[in-house]
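Notes for the one structure printed next.
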Amino acid sequence: MFIEQAFKGKNHNWFYYVAGVVLAFTGWQFIGAVPLIAVLFLKVPDMMSFPSDIGGMTDLLGANLFLFLMIISFLTGLLALLFTVKYIHKQPLLALTTSRKRIDKKRILYGFGLVVAINSILFVIGYFLSPGDFQWNFKPLPFLILLAITIIMLPIQTSFEEYLFRGYLMQGLGVLAKNRWFPLITTSVFFGLLHIFNPEVKELGYIIMVYYIGTGLLLGVMTLMDDGMELALGYHAGNNMLTALLVTADWTALQTDSLFLDISSPEAGFDVLAPVLIYPVVIYILARKYGWTGWKEKLFGKVEPPLPAEAETEYLK
């Protein structure tokens, strides 16, 4: 099973996992922020003009440059996390990703396509119900640059979050707690809290945390039931990439030169209902396609290290 893949590595004391999170956080929030801060300093005439929020940084640098520099921080965070896994835990990347013999690229593409299809349908419905809420925003050159950044760079951001929460923390907390429900709930809550300083929370209130935590729970259930991160990797990437290209707003964390701008007044609506209405449908579709069974064991069962003979067999595979 997926969490037991952690036993293909070493050093499962809580101290090593705390150190790993600190290294990843340092790479992400400190080392990775250097390019963005440096460019901002070059742009501002004085410290009094230094922007303090995403909107101000986007206005100063332009949406595409800000997005590019922001994603660099996720790249350094991902590199720091992979360094931790390889050199501190001595765990293969494959074991952090999946319990299969190889990473299933078809699953990644299916997760990607599923969320793109669902969100596209929901956007079309929303557009026809309230066309006045959207403004056509297509600008050829900025959009082409955005398209390149989205295809090449944005999966780095989503992959960092998936490898940190559904990979490293899911496996680490599962090994430490010796069960599956604790890492599932904890990583979902932590994933939600990661977004607590997003502009959306300020505009919509803490009720929007239902969406973020619910999304974390969805991705966690995908990972545990499917014994791998592939579906979650594809789903998360598809969600963010479509959002960046299709529709954004001036009060969201992701402000891009998208095809449409949402000019409606910020209010918590379908985003809060999505975990209740849409996510069970997503789980049902995936469960039918991949024949998921053993729900109780995979979501609530115990996590135990393999017997020495089993561990040796797994190591030789």
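Even glycines carry a Cβ here, placed using N, Cα and C.
Caution: TrEMBL annotation is automatic and unverified by curators.
Record features, source TrEMBL:
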{"type": "TRANSMEM", "residues": "14-41", "note": "transmembrane segment"}
{"type": "TRANSMEM", "residues": "61-88", "note": "transmembrane segment"}
{"type": "TRANSMEM", "residues": "108-129", "note": "transmembrane segment"}
{"type": "TRANSMEM", "residues": "141-160", "note": "transmembrane segment"}
{"type": "DOMAIN", "residues": "145-241", "note": "domain 'CAAX prenyl protease 2/Lysostaphin resistance protein A-like'"}
{"type": "TRANSMEM", "residues": "181-198", "note": "transmembrane segment"}
{"type": "TRANSMEM", "residues": "204-225", "note": "transmembrane segment"}
{"type": "TRANSMEM", "residues": "237-256", "note": "transmembrane segment"}
{"type": "TRANSMEM", "residues": "268-287", "note": "transmembrane segment"}
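Tertiary proximity for the transmembrane segment (14-41) is limited to same-chain residues at least six positions away from its ends with a CB under 8 Å from its CB atoms, namely 50-51, 57, 60-61, 65-66, 69-70, 72-81, 83-85, 88-89, 160, 164, 168-169, 172-173, 176. Across the residues of the domain 'CAAX prenyl protease 2/Lysostaphin resistance protein A-like' (145-241), the predicted structure has a mean pLDDT of 97. Sequence-distant contacts of the transmembrane segment (108-129) (same chain, at least 6 residues past either end, Cβ-Cβ under 8 Å): 222, 230-235, 237-239, 241-243, 246-247, 260, 270, 278, 282, 285-286, 289. When Cβ-Cβ distances below 8 Å are used as the criterion, the transmembrane segment (141-160) is approached by residues 28, 63-64, 67-68, 70-71, 74-75, 77-78, 81, 233, 236-237, 239-241, 244-245, 256-259 of the same chain, each at least six residues removed from its ends.
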